[in-house]
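Quick look at what TrEMBL lists:
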| type | residues | note |
| --- | --- | --- |
| REGION | 38-63 | region 'Disordered' |
| COMPBIAS | 42-51 | compositional bias 'Basic and acidic residues' |
| REPEAT | 260-294 | repeat 'PPR' |
| DOMAIN | 499-591 | domain 'DYW' |
Amino acid sequence: MYRKLSFFPRANYARNEPGSFSKTLLRHLSTAVERLGFSNPNEHRADDDSSHTSGDINPRAGFYGNEVSARTQQSQSSWSRNLNSNSGYWRSSDYNRNGWHSGSSKIEETLEEFDSYCENYLLKKAIESMESLESMGHVLDLARLLRLVHLCGEDHLSLEDNLLREAKVSLQGKIRVWVHHSDANYLKYYTDLVVEEFDVFCRQGNVKKALYTMDTLASLSHPVDLARLMRLAKLCGEVEASEEAKFVHGKIISLGCVLDVSSYHVLIEMYSNCGLMNEASSVFEEMPGKTLETWCVMIRCLAKNGLGEDAIDMFTRFKKNQGNKPDSGLFRGVFYSCGLLGDVDEGLLHFMSMSKDYGIVPTMEDYVSVVEMLALPGLLDEALAFVERMPIEPNVDVWETLMNLSRVHGDLELGDRCAEIVEELDPTRLNQQSRDGYLPVKASDVEKASLKKRSGIHGLGRISNSRTHEYRAGDTNLPENDELLQILRNLRTHMLERGYVCQTKLALHDVDEESKENALLAHSERIAFARALLNTPPRNQFTILKNLRVCIDCHNAFKIMADIVGRPVVMRDAKRFHHLKDGKCSCKDYW
């Protein structure tokens, strides 16, 4: 009987009138008998319409610690204190005051220990306390269960992966039991808190915890609505979380909602940012109706992934559809694709076609795109000649684009000339890095890097499977280090037979040539490559993510290594995706 009673939120007898105690007791006992199935509960029901939920429980105690406490201005200790006084469980003082159960002081003591463990992020100890309480016939209240679930989602917990998974599944099952037995108002309050926590994680960019909160909401029988899922989908694309993106898309499909055009665009860009262009193309093809913006998004995404030929084919397909008329935004996507392909002649033909065939007057933004198209493959003289022949006065954006791409290709003289013009037109456009001849770091790139760190998804390098692995250049602490380096040495032997020449000038240490070659061999992306060969099925594609630009030696090596092992490889560095197959890269060696 005690086990069943502990499911109910605690009635605050201290505030009840003395005469109402028997009614309250009878109500709880009759309901417990009903759930045990001993008799007809209607024969023993007290005539009391009062609820045992919000008035007695006051669930404002909170259960999430850091984020919710930040919003409600409560500390962890305040959370524990309020939970002890307000949450729904039977306290020892209630039993002792009425002479019910003399052993409940042990329960009270264990509950206090549980709260302390949660407050100090001692997950294993908290789980052990929960098991001790269950052995004494006490079931944790919903607030504490949710607090423990939240703790399971924290990082850097000293608990084995298999035990953590078992704990999560067990806790979700216990929450489902509470959902079945709880009052609607009581349940709604805690559900609203979890939803609020989901929103907090999305605003912070923490994809990992947002997804974990979705599981908690599922155990509370509360599916996440479409608007929140679309927000999470956009976030998955921004942090390049490929597996998580597929999961969120599956959740969106399970809702059975009719998506509007903008939602489809979010999904296409989400998959594109993750390097999953097959999935992005599937979403594009499944769209019931495509607007001009849809074609722009698809062409831009193909180009951004280095699939310039596919982007041009998409543009040709668009023009073949009767009634379709491109705009300047669509042409800019074509210019970028032609620049990646190095086919500037076709790009210039498209530029002339803008005004000749479609009556589109080029804007300054269009001229910037053409300059970028010419300078991307290194045709800097042609780009400068185009700028000088422009029918309108080139603005600071034109000269800044030419300045940056000149420095990328090593033409420092032209870069400095452009910098002088930029300085004259708008001195605020140049920071100290640009004045010193370096490529400036964009604020958007800094924010993106910060968002990736906050996402909890990946670090320096990741093999795209269910587990995240991080590697650093020259790391010798890996348990399989010798095996990985041996794989790379064997690959290097075959690479030399195919004409590979190691670019030892990239190894800046003052050591002999052999040491430089070994240093390049231990770059983090190569270690990740070797690990992927060991841990992914044969002939399957794998993805490697890197937080910096890949060096030219690793880029050349990856093309040959992917061809030797016969595996399509996707590598994402700080600038773009590289799709490596058959000894070639989608970036056309513009890494």
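The backbone N, Cα and C atoms fix where each Cβ goes, glycine too.
The helix, strand and coil residue counts that DSSP assigns across the domain 'DYW' (499-591) are 38 helix, 15 strand, 40 coil. Each residue in the repeat 'PPR' (260-294) has a pLDDT score, and their mean in this model is 93. Note on the repeat 'PPR' (260-294): DSSP counts are 26 helix, 0 strand, 9 coil.
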